[in-house]
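Okay, structure first, notes after.
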Amino acid sequence: MINNKLPKLWHGADYNPDQWLDCPDVLKADIEYMKKAKCNVMSIGIFSWSILEPVEGVFNFEWLDGVIDSLYKNGIYTILATPSGARPPWLGINYPEVNRMDGAGNRYEYNFRHNHCYSSPVYREKVHIIDEKLAERYAHHPGVIMWHISNEMDTNAPYDCLCPLCRENFRAWLKKTYKDIDTLNKFWWNGFWSHKYSDFSQIQPPNLQGEEHSVGLKLAWKRFKSDLLVDFYREEVKTVKKYNPDLPVTTNIMNTFEIDYYKLCKHVDIVSWDNYPNWYSKNDNCEIAVETAFYHSLYNAMKPDKPFMMMESSPSATNWQPAAKLRPCGFHLMSSMQAVAHGSNTVQFFQWRKSRGQLEQFHGAAIGHDGTDKTRIFHEVENVGKALEQLVQIQDTLSHNDVAFLFDYDCAWTLDIIEGFRNFEKRKGFETTLFKNLGALWHLNAGVDIIGTEDIVSGGIALARYKVVVAPMMYILRRGLVEKIEEFVQDGGVFVSTYCTGIVDEENLCWQGKDYYPLGNVLGILYEETDALYDIHENTVEMFGKEYRATRYCELSHLNGAEALGTYKTDFYAGMPAFTVNHFGNGKAYYIAAELEEEGLIKAYGEALKPVLPKEKIPDTPRGVNVQWRYGTDGEAYAFVINYTETPQNISLPYDFDILYGDLTCGTIDKYGVCVLKLK
Amino acid sequence: MINNKLPKLWHGADYNPDQWLDCPDVLKADIEYMKKAKCNVMSIGIFSWSILEPVEGVFNFEWLDGVIDSLYKNGIYTILATPSGARPPWLGINYPEVNRMDGAGNRYEYNFRHNHCYSSPVYREKVHIIDEKLAERYAHHPGVIMWHISNEMDTNAPYDCLCPLCRENFRAWLKKTYKDIDTLNKFWWNGFWSHKYSDFSQIQPPNLQGEEHSVGLKLAWKRFKSDLLVDFYREEVKTVKKYNPDLPVTTNIMNTFEIDYYKLCKHVDIVSWDNYPNWYSKNDNCEIAVETAFYHSLYNAMKPDKPFMMMESSPSATNWQPAAKLRPCGFHLMSSMQAVAHGSNTVQFFQWRKSRGQLEQFHGAAIGHDGTDKTRIFHEVENVGKALEQLVQIQDTLSHNDVAFLFDYDCAWTLDIIEGFRNFEKRKGFETTLFKNLGALWHLNAGVDIIGTEDIVSGGIALARYKVVVAPMMYILRRGLVEKIEEFVQDGGVFVSTYCTGIVDEENLCWQGKDYYPLGNVLGILYEETDALYDIHENTVEMFGKEYRATRYCELSHLNGAEALGTYKTDFYAGMPAFTVNHFGNGKAYYIAAELEEEGLIKAYGEALKPVLPKEKIPDTPRGVNVQWRYGTDGEAYAFVINYTETPQNISLPYDFDILYGDLTCGTIDKYGVCVLKLK
Amino acid sequence: MINNKLPKLWHGADYNPDQWLDCPDVLKADIEYMKKAKCNVMSIGIFSWSILEPVEGVFNFEWLDGVIDSLYKNGIYTILATPSGARPPWLGINYPEVNRMDGAGNRYEYNFRHNHCYSSPVYREKVHIIDEKLAERYAHHPGVIMWHISNEMDTNAPYDCLCPLCRENFRAWLKKTYKDIDTLNKFWWNGFWSHKYSDFSQIQPPNLQGEEHSVGLKLAWKRFKSDLLVDFYREEVKTVKKYNPDLPVTTNIMNTFEIDYYKLCKHVDIVSWDNYPNWYSKNDNCEIAVETAFYHSLYNAMKPDKPFMMMESSPSATNWQPAAKLRPCGFHLMSSMQAVAHGSNTVQFFQWRKSRGQLEQFHGAAIGHDGTDKTRIFHEVENVGKALEQLVQIQDTLSHNDVAFLFDYDCAWTLDIIEGFRNFEKRKGFETTLFKNLGALWHLNAGVDIIGTEDIVSGGIALARYKVVVAPMMYILRRGLVEKIEEFVQDGGVFVSTYCTGIVDEENLCWQGKDYYPLGNVLGILYEETDALYDIHENTVEMFGKEYRATRYCELSHLNGAEALGTYKTDFYAGMPAFTVNHFGNGKAYYIAAELEEEGLIKAYGEALKPVLPKEKIPDTPRGVNVQWRYGTDGEAYAFVINYTETPQNISLPYDFDILYGDLTCGTIDKYGVCVLKLK
């Protein structure tokens, strides 16, 4: 449960009554429609600064009082935003230093949103003033249930700030991180291309008008930017918490890899994120479902003892996607329930009502330009509201899983920066690999917790909690991690590694000498080379009497204790191992050397997981029907069965259960069908 | 007829004798060749400023006197250009303020052509001086038959000017347009993303160094830029008209949507345009023919009581197109006659003679680098000259049509700016839709007048002149237009609408509340949603017992008085209407909800048009053979029959006629064949 | 032989011991491995400036003394680099003027490598100081065998310098080249677009902030930049030669067309280049082999009386290519021997040892991160070392050929700049055409010397040395060249021309009037038009009773003495000649008017070459098996037979020979097999 004030699954939306102040009927009608759609929360004030403070120092809260009061009187709670996501014109124009600066020293003009300089003392001060005013007035309002700090905070929208203050802050960060210039030179391998600095003062951030190639510099800059954003966020939190430390705070995060959300989310009371899958953009919606599951599983695991929130989603077409494709009847329910299945206690969407103009006038909404509840989309939203009421007991459950899936932001950043492997893929195809590996687990119905390795090394997360740990394309093998993995396997755990895993340390220095491949010990292999294929090439892997296509990556290693379960069939490495297992202590370590086609990858993961996971946890289902679990504090188990395909599917589940929601008559689940089962 | 001095169809080219001043034989030879090719006009002086005024204040007109005199003595008239299209080096270098400025405040250096600041008082003054000198000297020369103001005036080649003067002019334009800042905030929907301005002085033009996203701002900036260009143009007209108000002026416009030519052409005496179809760039030349027909029909309709001029075209390869593809024998005649068929009284081409160097040295020309009349292309040009002489009586006829095709530049601009629908297509695929709809009409041989809706609302154009009005993807439904359309249908007209039509008003504010879809009344439908498909998807529409593919756009609406003539077959909207008709007063209103394949679109338009157009006006012809009409003042009717395909085609026409040009022996029209018939 | 000190084929690598100064074991181990791999040269110091001079004026040579001494004691010679390729931080930061400046006047910050201002007096001075220190200390060291000036000198990495000094130098270069402004205006055809300058001071380099379109200006700028680079290089040579004029100098050139290497290589003692074929990036490795052969043949011919050096290559994956694809066993030997076959006396690679960090940490190397000689790649390198020892007698031979293949850098530059033909291909597809034509010759086993036409006109190269001269897409026909070609054919030579050949003079002015196509006389044709096809089109050419596809380019010409050997089959030019021969004096001139498919092109070239080349020089081999020749001073002939395919091939050669290297048992050459034969 998120908050005792509202002991339900939350249903709501971003709501912008400030856009309709000259249409008083709108608020009144909206509240009626909200109640009809069983909405109980609304996010308010996200971009209201130019209305709250139209002229510097002149504040206007009456309209907001009215909105919050009216909602509250009608049983709808407010998630109140600080408006720092978009500054008003007067702020960007009167104080140019709050805008970012480009590499050539040109200050950007006042601009759309987000592109403020996070270092700017002026910006921080002006945000502090408006935040304080809001906190003073609303921190104890009975209708205000949570703070929504800023909005989709971003490091580089649309471009890095390269102002003197940010440059100076970066150098200070470097000094704090590396202590002395020799250490920095060594970690960055600055003998290369004559780049040995003699002093920190010589270092400038990477930029098109300067250094664009130094790997160490670029990685440091990404880390710095992420840290600076967290610092800015924390200052806002401090302001609002002063007035009511008990009112929880969150900030809505996104599906970007550009910010280290592990670090940011240490400072939220509850994790919330904005979920915009691009359904129907590929031939197979399962791929989209897997990508979405990735983010749900990642953000759910960031606070293992709490549910998360899906702060935004689209009830229909998303206007800024390549095509604003409509979603079929029932699809919004399915897409919403995927979040709940993975641990969300809310279904919130953008936006309650379509605006008349500007960039998001065509974004999906409960209420369209006709202003009625007669539309298909309103009906879809209403159905979600009803379902959430039906599932009220779910609020006391959490999603936690037997499989740990390792993922680091540093790894994504570094793969973006280096040159090697499949350069023509963004980040060398890191996401593709992540999603293919997660996809195999998803098709096996094996739910995962996606966790960062820094917390493992520091002891914040104990691997012992898991039965299986997978490390797909975990290019960075942080110092201290291999010991944790070996201990985990020694104690009976199953570890699965893939190509491009364990190559460098966290400074992007290749592991070296006799330790050049630290995972070799647990995997029982001698790694030698990584073949990065062009798309015109492929290999074949024979496993368990069957042949599977291998594309993109094929790694060449030698057995050194491990047993080959699969071997390459062609090219000069025919006969070399492509899938291996090593018995290590009481556990096993698997190595998937190549990018196998889906069926092969499922086969390989099945081989690794099935012996250690209870059969009921990984039931067989038709392709596209997925099962996720939530558990109550007294051991109650709830299975969320969702059919992501466009046809009804027959399923047979190996449990006794009550149906909490949905229909499984004759063992058939409808297209886009959702069933929630409670195990007996 | 354009001008009594030269009562013929005009034939000519851009001619640059100033490039050959050190080869006196060239002018002499050229005149002989011109006469052989039956040329009677030449456009002179377009880029001659650095020769006319090699050093500031030093003028050199002798060579031009000689050229104009020599041509005139040989029966060839001069269309004399003002040279403002490209300034000489001294002007761009000595007066940097005539060059544009980028968003970061950097002034561009002297540059190729066109990129002057239209606000610059210095530039206007220098243009005024040279124009006055030219007008003084040549406005009454018997050989000078028309002014050609500047050349292909453009707003953004290569980039917007963001200098302080342009910024100030823009704010003045905003103040004049919106009067007060509250109105502007409301029209631009500036509550969104905290963008409420408190003063006009806060507004800067959109630019990469500043605001890039505000829809209202970007639309206003496009309108302002177009207006500024018109203002600059009018100042040049004023200068030359002072010396001889009777000498007609034109400026050669292009196939761009970036300038509001409806507004510009209110200030020309005759519309002229530069026509460069990219023949052979697609598998089907009919697509190119339709695109070309679009511009001919648009510019022809801008001055309904006058013919237009095709000021430029290429007699052969166009060197700057993606590939400089040659055109087959006979093709230049066909392409030229398409213009005449649509109302042009001229066939002019670029260029008379290929230059030896610089960017257009390989552009098609009557005279090539061999300098003779022995080439295939010279022969092609000569054939056009002969044809135009044979068609002399056409000069007294005009093209006017029964079908009005609505098109607004604002609509193109807004579709470019907004986010929604098929974002991955430029302007959301507006041109594709325009050309597909026009294509259906073209294949039906239904000629169109392409007209703007502002003139309809203001009363400048009476819809009563037409039998059919079509509004394909007319996203902007200007305030006051729906009443005109309803009146038109009430009185017996046929109206055809498509998807994405009538969504917003002219400020890009969505129509709202009970009026959210103003065309619903006349169409007899309740519009609900627009499905923007990815290219991997399609639907099927059943109409009149046949199935047609539907791609790109499928709109979901409900019958509300209308009758469904076609319905969707698949997806969740199977069974919903895809093509409807509504009886309204004495007329009918059709709604084509989806993007149908060509055959389906022809079927739909045929259904709408055939009952109201005389059968003779829309004769059946083989695919690729097109008929257009011109009419004399005494009712003479001339049919231009053109075969755009690569094979001879059999046709049978339901009239009695005399053949004025071409060959229809045995009812066969040759490949690329042109026949001009005069009805008996 | 390159240098008497080391009378062998050289084997070695780029070596960076300066990256491992804190790991003294590395140097020791490396030397052992080098000896095992039979390496005898190492390139040292290429990017060592920040270690040699960590702070301005403080020098540190001890480590370098140690490295050179240790290598020398172990029989390994040093190719010593000047470190000007990458400046140390202090230089770029303390002296901002050594960095380039962009068009808007912004100075770039200190940056990765290469992007110094070649005009900067400060940069030249600082380079002079460090070069002098190195020369003073090492010019007479017995272990130092050659100077390696700078590294991969480049004109535009990452961008042109547009600083005031470069601008002034450019104007001075223009004055020197064109003498007076009228000549420049004439050559640049500046009447076009009003561009007549009245003074040199008005001219600025082409740039995005200014002039981007003037063809003459852009061509001049490319020439200037290339000349400026040569000037900078020569200043370095002068510095080091002062201390020992006998120590040879080279600079490693690349496969770029941006620098006129004909001019640069007049100032090297031996030509060396860096060879990074992107093997496996296309379906057919033969295409890659032909591209590589192009550069080998070009650089080999630059100093006809000397071998060349392959200064760099990759023994395995190249980390910065689109995909870092591994190469099969034996492939490194094959790829290395291709260089030797074409005249290289060295096989050198980048890099000896993989660095731990930075951009090239994953580039192929003899020693990987494991630091051992146990790897597949080490074994591959060792095999090359052994082969080179076996082939020691080759060091006294040279590659020279009967076929001259004309190629000019100006031609590449001009085709890049102009508009016309197939604009959508970079340089209008010049490389594609070069490689297709060279490919036909390669498949015929006809080795070529690729030579520049300026040397022919000046008399530096006598065409009489050759039996065949081919001029594929030789767009520029330099003044004076046609006479040389006519004389060559007159005297019995065979000349082969293609489409787009001989169109302009060296100022890019079209040949004009009765001389509009100067090659028409020797070819016996009247050229008329060039058809640039879109990729959706093709034609067919019938030759010798067979039909061949023609794509991309089809030229239309008329017979004027020549005989048609092939004719077009379709389109309006069906029946026109597509392949012709003209008897001219004692020789013949062929004209290939269209881009024929490979088989057709081989047929056409075979027709031209076979009668004049000895059959033994162009033996029949299976597709993908290629033969190249080297000759000793006493007439010894060595054939290098290489199988570039993935399957063994049967060959039968029409000579008596001894096998010097490789295996031809039963007439079969292994996949990737290399055989070196010595003719008896």
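Note: Cβ is positioned from N, Cα and C throughout, glycine not excepted.
Substrate is bound by B:R113, B:W320 in TrEMBL, and the record lists one more residue there from B:N74, B:N151, B:N283, which is B:N151. Distance between Cα atoms for B:W320 (substrate binding site) and B:E312 (active site, nucleophile): 14 Å, as a whole number. Residues from the set of binding-site residues B:R113, B:C117, B:N151, B:C161, B:C163, B:C166 situated with their C-beta under 8 Å of a chain C C-beta: B:R113. Cβ neighbour count for B:E152 (active site, proton donor) (all protein chains, 10 Å cutoff from its Cβ): 18. Sequence-distant neighbours of B:C166 (Zn(2+) binding site) (same chain, six or more apart, CB under 8 Å from its CB) are B:M101, B:C117, B:Y118, B:S119, B:D160, B:P205, B:L228, listed in sequence order. Those same-chain residues not listed among B:C117, B:C161, B:C163, B:C166 yet with C-beta within 8 angstroms of the centroid of the Zn(2+) site C-beta atoms are B:R100, B:M101, B:Y118, B:S119, B:S120, B:D160, B:L162, B:P164, B:L165, B:R167. Counting other Cβ atoms within 10 Å of each Cβ, the binding-site residues B:C117, B:C161, B:C163 show the lowest value at B:C163. Within 10 Å of the C-beta of B:E312 (active site, nucleophile) there are 21 other C-beta atoms, taking all protein chains into account. B:R113 (substrate binding site): 22 other CB atoms within 10 A of its CB, across all protein chains. Taking Cα separation as the measure, B:C161 (Zn(2+) binding site) is nearest to B:R113 of the recorded positions B:R113, B:N151, B:E152. Around B:N151 (substrate binding site), the C-beta neighbours below 8 angstroms that are at least 6 residues distant in the chain are B:I46, B:F47, B:A81, B:S84, B:G85, B:A86, B:R113, B:T251, B:N252. For the domain 'Glycoside hydrolase family 42 N-terminal' (B:14-391), the model gives a mean pLDDT of 97. In the three-state DSSP assignment, the secondary structure recorded for B:C166 (Zn(2+) binding site) is helix.
DSSP assigns B:W320 (substrate binding site) to coil in the three-state reduction, outside any helix or strand.
If you measure from the Cα atom of B:E312 (active site, nucleophile) to that of B:C163 (Zn(2+) binding site), you get 33 Å. All protein chains considered, the CB of B:W320 (substrate binding site) has 15 other CB atoms within 10 Å.
A distance of 22 Å separates the Cα atom of B:E152 (active site, proton donor) from that of B:C163 (Zn(2+) binding site). The substrate site in the record is lined by B:R113, B:N151, B:W320, and its two most distant CA atoms lie 17 Å apart.
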